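As structure tokens, the structure follows; a few thoughts come after it.
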Amino acid sequence: MPVVLLLLFGMLCIASLLLGAQQIAWSDLFSASSDAWLTLSASRIPRLITIVLTGVGLSVCGVILQHIVRNRFVEPGTTGSLDAAKLGILVSLTLIPAASVLSKMLFAMLFCFLASLIYIAIIRRIQFRNTVLVPVIGLMYGGILSALAEFYAYRNNILQSMQGWLMGDFSRVIQGHYEMIYIILPIVVLSYVFAHRFTVLGMGEEMASSLGLGYARMAAIGLLLVAITVAATVITVGAIPFVGLVVPNLVALMYGENLAKTLPIVALAGASLLLVCDLIGRSVLYPFEVPIGLTAGGVGGVLFLMLILRGLRS
């Protein structure tokens, strides 16, 4: 793993812990009367953990989806997965008003998994000459799901709260209200265990079957891992686009596509990118904060456009 990336990640983590409306000096940590430790343990450290795990989870999800669909321009935000998870949460809020966080996450996971299956079925039935059209179809599909979610929220008088709550935002992360994000840890471990199989999966159904890999079973496992991760991130911090798209592409350009070797780099780069976006959002209007959904959408959108232009030229 590149030493430079590790050093950058470490510096970004320190900057994330120190930046905030309440300034923290290192000397305050050794003062018995200081509130520095309370600020760190109740807010800054939970926020840092959530940012890192969200960046890791979304970037790994992007890798898995790209190998399943065999297209470098797909990720949860361009396949309708994020919009489907939001719709699932809204349905759980109206059907089971007293639902627990776990129940809401299960609804989001189910909707995300089913939406991913439908998207892959659509892609497999349409033969594209240009690979850029695959994420375009995904964006259109996600737009339909997003419209359904907003219409559903409008009919149930929760539209305003939905727009604020489901926008990606780390400012709400505090101790006791973020622990669901830890479910990403076993997902990342399983992704690494299946890394070689996902690499074979990206070679196509015929090649994977000839090598003895159960293509349909492995694809279903990958989609389930993606659905769980997306559901956990949306229920904890809201929807964050483009992280799973740009990070795997940039890593693949520099280190290749053997996931057994590149998956740790993808995970670390995803966490670093989200830390950068979060620091930008906390600095632009300091001491106020721009939601991570906007900064990640802006930075990721520019990088996404650059990748599309590069794909069109090649």
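Just so you know, glycine gets a Cβ as well, placed from its N, Cα and C.
For 1-20, the entry in TrEMBL reads signal peptide.
Counting same-chain residues at least six beyond the ends of the transmembrane segment (44-69), those with a Cβ under 8 angstroms from any Cβ of the stretch are 13, 16-17, 20, 24, 75-76, 79, 81, 116, 120, 123, 134, 170, 173-175, 178, 181-182, 184-185, 187-188, 191, 198-199, 201-202, 219, 222-223, 225-226, 229-230, 232-233, 236-237, 240, 243-245, 247-248, 259, 263, 266-275, 278, 292. Residues annotated as transmembrane segment in TrEMBL: 44-69 (among others).
Annotation source TrEMBL lists transmembrane segment at 81-99 (among others). Beyond its flanks by at least six residues, the transmembrane segment (81-99) meets 61, 65, 107-112, 114-116, 119, 142-143, 145-146, 148-149, 152-153, 156, 158, 162, 166, 226-227, 230-231, 234-235, 239-241 of its own chain at Cβ-Cβ distances under 8 Å.
Outside the transmembrane segment (105-123) by six or more residues, the chain places 65, 68-69, 71, 76, 79-81, 83-89, 91-92, 99, 134, 137-138, 141, 145, 180, 219, 223-224, 226-228, 230-232, 234-235 with a CB less than 8 A from a CB of the stretch. Per TrEMBL, the feature transmembrane segment maps to 105-123 (among others).
The transmembrane segment feature in TrEMBL is assigned to 132-154 (among others).
Annotation comment: TrEMBL describes 174-195 (among others) as transmembrane segment.
Taken from TrEMBL, the feature transmembrane segment covers 215-242 (among others).
Annotation comment: TrEMBL describes 262-280 (among others) as transmembrane segment. Tertiary proximity for the transmembrane segment (262-280) is limited to same-chain residues at least six positions away from its ends with a CB under 8 Å from its CB atoms, namely 1-2, 5-6, 8-9, 12-13, 15-16, 19, 51-60, 62-63, 170, 188, 191-192, 195, 240, 243-244, 246-248, 250-252, 255-256, 290, 292, 295-296, 299-300.
Residues or ranges marked as transmembrane segment in TrEMBL: 292-312 (among others). Remote same-chain residues near the transmembrane segment (292-312) are listed as 51, 72-73, 131-132, 167-170, 237-243, 245-246, 249-250, 273-274, 276-278, 280-281, 284 (criterion: CB distance under 8 Å, separation of at least six residues from the stretch ends).
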Inset, instruction - May I ask for the residues of the chain that lie six or more residues beyond the transmembrane segment (215-242) and have a Cβ under 8 Å from a Cβ within it? - result: 50, 54, 57-58, 60-61, 64-65, 67-68, 75-77, 81-83, 85-86, 88-89, 101, 104-106, 108-110, 112-113, 116-117, 120, 165-170, 172-173, 178, 180-181, 183-184, 187, 190-191, 194, 197-198, 201, 205, 208-209, 274, 291-293, 296-297, 299-301, 303-304
Legend entry - Tertiary contacts of the transmembrane segment (174-195), as residues 6+ beyond its ends and Cβ separation under 8 Å: 41-43, 46-47, 49-50, 53-54, 56-57, 60, 63-64, 101-102, 105, 218, 221-222, 225, 228-229, 232-233, 235-237, 259-260, 263-264, 267
